[in-house]
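Copied over from TrEMBL, here are the features:
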BINDING   Cys142, His144, Glu178, His202, His405  Mn(2+) binding site
DOMAIN    222-317  domain 'Peptidase M20 dimerisation'
SIGNAL    1-27  signal peptide
Amino acid sequence: MHLIMASLRWFSWILIAHLFVSSFVHSDSSSHSNNPQEIPKRFLQFAKESELFDWMVGIRRKIHENPELGFEEFETSKLIRTELDKLGISYKYPVASTGVIGFVGSGQPPFVAIRADMDALPMQELVEWEHKSKVPGKMHACGHDAHVAMVLGAAKILQKHSEELKGTVVLVFQPAEEGGGGAMKIIEAGVLDNVNAIFGLHIVHNIPLGKVAGRSGPMLAGSGFFEAVISGKGGHAAIPQHSIDPILAASNVIVSLQHLVSREADPLDSQVVTVAKFQGGGAFNVIPDSVTIGGTFRAFLKDSMVQLKQRIKEVITGQAIVHRCNATVDFLENDKPIFPPTVNDIELHEHFQNVAGDMLGIDKVKEMQPVMGSEDFSFYQEMIPGYFFFLGMENETSGHLDSVHSPYFRINEDALPYGAALHASLATRYLLELQTKVNSPEEKRHDEL
């Protein structure tokens with residue numbers, strides 16, 4: 001009997017020790033999996049799994065085959081809604097004509113947004129491959145098909161890990177980025193009124209796969225367009241004294257416009273004025289009645305954009321008068337609204353560096369110089385804190401990649417998991433970190449968007 005009791009005591013101690021060790025191991029494993037620093041790596045691993053990767057590739061190729069221009073993205077929008085329905089993700093539609101706004105998480109504050117643009121470009125694709133554009137004269141030459149696939153990929157990751165979301169992630173599928181100002185229409189619809197922050201990315205050909213680039217402060221320039229008609233009096237080229245030559249006037253206008261940057265702008269304030277359109281005349285020996293010129297102007301400061309716009313009009317009309325001509329200037333703002341500069345929030349830059357560094361390694365997160373290109377993501381940043389960054393896809397084994405807006409532009413689809421995981425990680429970590437901050441009593445809150 002004594003031997004039996006002793007054996008039972010030993011068995012009890014062994015059982016208690018086993019339960020203690022198991023509990024410790026489980027607790028350690030659980031805390032490890034819930035470590036916020038582990039989220040980006042877990043999400044990237046999930047995004048690289050063949051099921052999710054192949055799904056994103058398939059979506060991207062469907063969109064690429066059927067490109068649609070700004071505010072005409074009806075089939076693209078339909079595809080997005082179909083996939084959101086399959087994932088069980090609620091959304092609002094239509095927003096800004098063809099836009100879709102999805103919601104993942106609690107449906108309650110705080111809200112953080114991730115954005116994808118949907119529109120294609122009016123150009124003929126010259127890349128010969130199985131999924132080439134089926135629409136003559138239209139092409140996804142700026143990677144927006146990949147952007148949509150990555151945000152949908154992020155939606156799938158977020159839905160799978162929705163229990164980790166301490167708030168709501170807003171999925172912004174935006175129309176008409178290519179000059180149409182679709183972001184402005186999204187804002188006017190009021191669907192982002194209570195969003196705390198927004199993230200966006202653009203895929204690029206000259207940054208290696210697995211690397212990203214961003215910066216705080218001004219990143220992309222503001223941009224605007226102008227078109228001017230300079231009218232004179234046509235006549236025979238052999239007797240110019242009986243004409244008023246608009247070609248001569250337009251030529252002097254173009255030279256004078258260059259002085260706006262070289263002689264009126266602060267050398268430390270980067271600006272560009274480019275005349276890229278000149279149309280006038282159709283014969284070698286006839287002075288035309290009028291000439292049309294057009295171009296773009298860009299700067300990193302909003303005040304500089306205002307100044308350039310004013311001076312462009314003054315120079316064109318003034319030089320036309322000097323040469324006895326008349327001029328009308330149109331800044332085309334109804335069809336091509338002036339984009340403000342893209343200015344990244346300083347705190348969100350630190351957040352981006354931390355999240356991307358945890359996913360890729362801090363050596364893969366590059367600090368970039370400002371670029372004179374423009375993005376209508378800047379409209380969001382005028383309303384709420386925003387962060388925009390570049391995602392690399394260059395891979396020596398896949399050959400040379402042309403830049404965006406080229407008829408030979410190609411996507412390295414291996415970049416899709418990185419974009420999806422970064423979107424999902426930036427949003428998830430942002431909500432987690434925001435939860436730790438104390439909201440002031442006066443802060444305006446809403447229960448829903």
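Note: Cβ is positioned from N, Cα and C throughout, glycine not excepted.
Not measured: the values here are computed from a predicted model.
Annotated features, which come from TrEMBL, shown on the structure.
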residue	record	Cβ contacts under 8 Å, 6 or more apart
Cys142	Mn(2+) binding site	Ala120, Leu121, Glu178, Val404, His405, Phe409
His144	Mn(2+) binding site	Ala116, Asp117, Met118, Asp119, Ala120, Glu177
His202	Mn(2+) binding site	Gly143, His147, Glu375, Phe388, Phe389, Phe390, Leu391
Extra residues within 8 Å (Cβ to Cβ centroid of Cys142, His144, Glu178, His202, His405), Mn(2+): Asp117, Asp119, Leu121, His140, Ala141, Gly143, Glu177, Val404
Averaged pLDDT, computed only over the residues in the domain 'Peptidase M20 dimerisation' (222-317): 97
Binding-site residues compared (Glu178, His405) - highest count of Cβ atoms within 10 Å: Glu178
